[in-house]
Amino acid sequence: MSEHPQGQKHCSFCGKSQAEVGKLIAGENAYICNECVDVCLDLVQTSQQVEAGDWASRDLPKPHEIRAALDQYVIGQDLAKKTLSVAVYNHYKRLKAGQSGHVSKHEVEIAKSNILLIGPTGSGKTLLAQTLARLLDVPFAMADATTLTEAGYVGEDVENIVQKLLQKADYDVEKAQKGIIYIDEIDKITRKSENPSITRDVSGEGVQQALLKMIEGTVASIPPQGGRKHPQQEFIQIDTSNILFICGGAFAGLEKIVQQRHEKGGIGFNAEVKKKDETKKLAELFRQVEPTDLVKFGLIPEFIGRLPVIATLEELDEAALMQILTEPKNALTRQYQSLFQMENVDLVFEESALRAIAKKALERNTGARGLRSIMENVLLETMYDLPSRKDIGTVVVNEAVIRGEAEPEYKKEHTQKKDTHEHNVADLKVIDSKSA
């Protein structure tokens, strides 16, 4: 214990006596003064700043590199990937410049460019946002706009979104302030009509108003460790100025508004009559979206102004869905093959089976999102039996299985070569039904 013969207590770290310092905190066989506590606090804060600075010192992926990374997980959507790559690169370049203290020649303040993703259900909006966050190694939080309401009403407060991001960052405020928030179903919070209403629209225009400041940049007060707010509580302050907000929605019916704008004036005897097959495709119409179209759809002008970057996604066709099943790093067929290999069983899909899965997803109009449910239904009985069977080496799925006309074929022998130490799931075996 740091105690002199005279009985006077001293700090175990700096050696100063109780009379020389403001406070002396006693521990087991040791003391620490308030000055040493301040020094320790400074050291911890400096260490945290260095860790945060590590992000700024890293090489920021260039747009081409971001696009290449997205290509590994997302099939198609070339224009959307290019738009996102540039927008995300510029956003984090802006952050990096601010962190390093770099000021442009004319001291121009670069505004934040949040992103609006417009595309059909299952076209890859959420996956794009998740992949970007994983690539940049930043916290990522997702929220459903349909659950949001204005503060004071039953439902989820918009500040809860930032709270989710803070939780994902393990309550590291510096880390959370560089994260990405994806708000899905943003098209569901449009105002009910273009005319002002006497009743309060707490889940439509009201939510847009509540999101305005959050998206643009404000200091949000978040209760610690996800607790509820109460007046005597200390809050965690989070600045949302550098958080990248990506909003996505299917915007069903928006294409009709764009089409009407293009056809305006084509009325009368000299109007050109278009055949049905000449009607512009959904993707082409989405690419021509203007802010006025979004206002007509029900988004308020101020909200649209906070989302200056608009990226549109195309509806996935059969070929794209087949690619999604086999080509990405985490392709669905590879995921199921990996599950089967844990039971020491090979899983083989005939090409006709993959085509049938893609066709079924198109019929359901669920895009890539519907592929997993189809696969689950097809393989349910097999996955139920497999752990109890030791006589199966290979499971073959053909077109008839997908159509519900047959059961998967079980074979005793393995069709894929295995490493004795490790299963390689990188290469999926796809065979043509003609050669089977």
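Placed from the backbone N, Cα and C atoms, the Cβ positions cover glycine too.
Keep in mind the model is a prediction, meaning the values are calculated, not measured.
What Swiss-Prot says about this protein:
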- 1-52: domain 'ClpX-type ZB' (DOMAIN)
- Cys11, Cys14, Cys33, Cys36: Zn(2+) binding site (BINDING)
- Pro120, Thr121, Gly122, Ser123, Gly124, Lys125, Thr126, Leu127: ATP binding site (BINDING)
- 407-436: region 'Disordered' (REGION)
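The structure, with features from Swiss-Prot marked on it.
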{"residue": "Cys11", "record": "Zn(2+) binding site", "DSSP class": "coil"}
{"residue": "Cys33", "record": "Zn(2+) binding site", "DSSP class": "strand"}
{"residue": "Pro120", "record": "ATP binding site", "DSSP class": "coil"}
{"residue": "Lys125", "record": "ATP binding site", "DSSP class": "helix"}
Discussion item. Of the binding-site residues Cys11, Cys14, Cys33, Cys36, which one has its Cα closest to the Cα of Lys125 (ATP binding site)?
Written reply: Cys36
Fill in: Among Cys11, Cys14, Cys33, Cys36, Leu127 [binding-site residues], residue with fewest other Cβ within 10 Å
Cys14
Worksheet item: Excluding Cys11, Cys14, Cys33, Cys36 themselves, which residues in that chain have a Cβ inside 8 Å of the centre of the Cβ atoms defining the Zn(2+) site?
Response: Ser12, Phe13, Gly15, Lys16, Val21, Leu24, Tyr31, Ile32, Asn34, Glu35, Val37
Discussion item. I need the least crowded one of these binding-site residues (Thr121, Ser123), counting other C-beta atoms within 10 angstroms of each C-beta.
Written reply: Thr121
Discussion item. Considering Cα atoms only, can you say which of Cys11, Cys14, Cys33, Cys36 is the nearest neighbour of Thr126 (ATP binding site) among these binding-site residues?
Written reply: Cys36
Worksheet item: Hey, for the ATP site built from Pro120, Thr121, Gly122, Ser123, Gly124, Lys125, Thr126, Leu127, who else sits with CB inside 8 A of the CB center?
Response: Gly119, Gly248, Leu313, Gly367, Ala368, Arg369
Worksheet item: Can you tell me the mean pLDDT for the domain 'ClpX-type ZB' (1-52)?
Response: 76
Response to the item:
CA-CA within 10 A of Cys11 (Zn(2+) binding site), subset of binding-site residues Pro120, Ser123, Leu127 in residue order, equals none
Practice prompt. Would you mind checking how many other C-beta atoms are within 10 angstroms of the C-beta on Gly122 (ATP binding site)?
Written response: 23
Response to the item:
As a whole number of Å, the Cα atom of Cys14 (Zn(2+) binding site) is distant from the Cα atom of Gly124 (ATP binding site) by 59
Worksheet entry | Distance from Cys36 (Zn(2+) binding site) back to Pro120 (ATP binding site), taken between C-alpha atoms, in Å | 59
Discussion item. If you count CB neighbours within 10 Å, which one among the binding-site residues Pro120, Gly124, Lys125, Thr126 has the smallest count?
Written reply: Thr126
Practice prompt. Just give me the nearest neighbour of Cys36 (Zn(2+) binding site) among the binding-site residues Thr121, Ser123, Gly124, Cα to Cα.
Written response: Gly124
Worksheet item: Which whole-number value in Å describes the distance between the Cα atoms of Cys33 (Zn(2+) binding site) and Thr121 (ATP binding site)?
Response: 61
